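Residues or ranges marked as signal peptide by TrEMBL: 1-28. Per TrEMBL, domain 'Plant heme peroxidase family profile' is recorded for 29-328. Under the heading site 'Transition state stabilizer', TrEMBL lists R66. Taken from TrEMBL, the feature active site, proton acceptor applies to H70. Marked as Ca(2+) 1 binding site by TrEMBL: D71, V74, G76, D78, S80, E93. Among the features that TrEMBL reports, heme b binding site is placed at H198. Taken from TrEMBL, the feature Ca(2+) 2 binding site applies to T199, D248, T251, D256.
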Amino acid sequence: MSMGSILAGPVALVAAAVFLLLPAASLAQLQVGFYNTSCPNAEVLVRQAVTAAFANNSGVAPGLIRLHFHDCFVRGCDASVLLTVNPAGGKTEREAPPNFPSLRGFEVIDAAKAAVERSCPQTVSCADILAFAARDSINLTGNTFYQVPSGRRDGRVSNDSEALQFLPNPNSTAQVLTDGFGVKGLTAEEMVVLSGSHTIGRSHCDSFLFKNRERLANGTISPAYQALLEALCPPTTGPTTLITTEIDVSTPTALDNNYYKLLPLNLGLHFSDDQLIRNATLAPFANNFAANETLWKEKFVAAMLKMGNIEVKTGSQGEVRLNCSVVNPGSSSTAGVEMLMFPGSASDASADEVATS
């Protein structure tokens, strides 16, 4: 059975329905099979890079999912989070506190990009590689495969201040979380759905230790759990402390619904996780997903597809980077309309070449 045929049943129907509901402007240019003619093995090459990295370190999967999420929430899904140099000067998104030192998976994207460039030079965007890699990570950890519309272009701007402005904080209240996702066109339910990705991955001590002392005082975290966290994290914990722990203490390497089951037991690692069951609007969603893993996975795929459409650049906007960590030579971050394209690139594909994460 091919990977493309794995998507079946309810998940397939939900993914198809979401695709039809996406904004018309995005539908006109983001398509499943976008590289079918210009680079037919693009998704296979990305999948191979992700699978190889996962075999060596399963932690790359949650890292890549988070990398895609943090990319889309700042300037849209344009791979701006991958840039190591801000063409306009100043720090980049990946240097901002919400991303550094916790964000990971960059080397996997670089490996995938190198493989794709060898096969199809100047054709596949880093933004699409990120989307494909996140999808493949979801499949590796949750046995859930889905088709991802592609045709995104890479941006030329990356500012740390925007990462601070738009990325959710682990100490955020339910209202702040809901408002932040709402700004990006995502509903309160979709916020709860996407929070379920915390069922895999790890978190640094600085993101939970001190706020959880307040939770201990008001009875919203298990005393035994907090004691374990206090023993793990040094008293001098700060932003540069590199010690981490699993977010899901029960099944930390499986993309499942156990994250939601832990919340009523006061075993949510972050204050923001715990907020999902303390808010009257959000709690029913969390309880439904705790009771029904199939339902959560269906909605998770749908939410990932919708998130992957946030403020995308297509057509002649942006560029197709040669190196995901820097803009192309001659690019300008101040151009009003970004026009750089390459002969034979995806944006130059004729209509019959654009057939499709």
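Every residue, even glycine, has its Cβ placed from backbone N, Cα and C.
Taking Cβ-Cβ distances under 8 Å and a sequence gap of 6 or more within the same chain, the neighbours of S80 (Ca(2+) 1 binding site) are D71, V74, T92, E93, D154, G155, V157, S158. Neighbour count (other Cβ atoms within 10 Å of the Cβ, all protein chains): 26 for D248 (Ca(2+) 2 binding site). The distance from the Cα of T251 (Ca(2+) 2 binding site) to the Cα of the residue listed as 'heme b binding site' comes to 11 Å.
Cα-Cα distance from H198 (heme b binding site) to G76 (Ca(2+) 1 binding site): 21 Å (rounded to the nearest whole number).
When the Cα of D248 (Ca(2+) 2 binding site) is compared against those of the recorded positions R66, H70, G76, the shortest separation belongs to R66. With the residue listed as 'active site, proton acceptor' as the anchor, the candidate binding-site residues are G76, T199, D256, and the one with the nearest CA is G76. Put simply, of the recorded positions R66, G76, D78, the one whose Cα is nearest the Cα of T199 (Ca(2+) 2 binding site) is R66. Separating the Cα atoms of R66 (site 'Transition state stabilizer') and G76 (Ca(2+) 1 binding site) is a whole-number distance of 14 Å.
Cβ neighbours of D78 (Ca(2+) 1 binding site) (same chain, under 8 Å, six or more residues apart in sequence): D71, A127, R152, R153, D154, G155, E311, V312, K313, G318. Every protein chain considered, the tally of other Cβ atoms within 10 Å of the Cβ of H198 (heme b binding site) stands at 23. G76 (Ca(2+) 1 binding site) and D256 (Ca(2+) 2 binding site) are 27 Å apart (CA-CA, integer value).
The binding-site residues T199, T251 differ in how many other CB atoms lie within 10 Å of their CB, and the one with the most is T199.
Fewest other C-beta atoms within 10 Å: among the binding-site residues D71, E93, D256, that description fits D256. Taking the Cβ of G76 (Ca(2+) 1 binding site) as reference, residues of its chain lying under 8 Å away and at least six apart in sequence are, in sequence order, G155, I310, E311, V312, K313. Taking the centroid of the Cβ atoms of D71, V74, G76, D78, S80, E93 as the Ca(2+) 1 site, the other same-chain residues with Cβ within 8 Å of it are H70, C72, F73, R75, C77, A79, V81, G155, S158.
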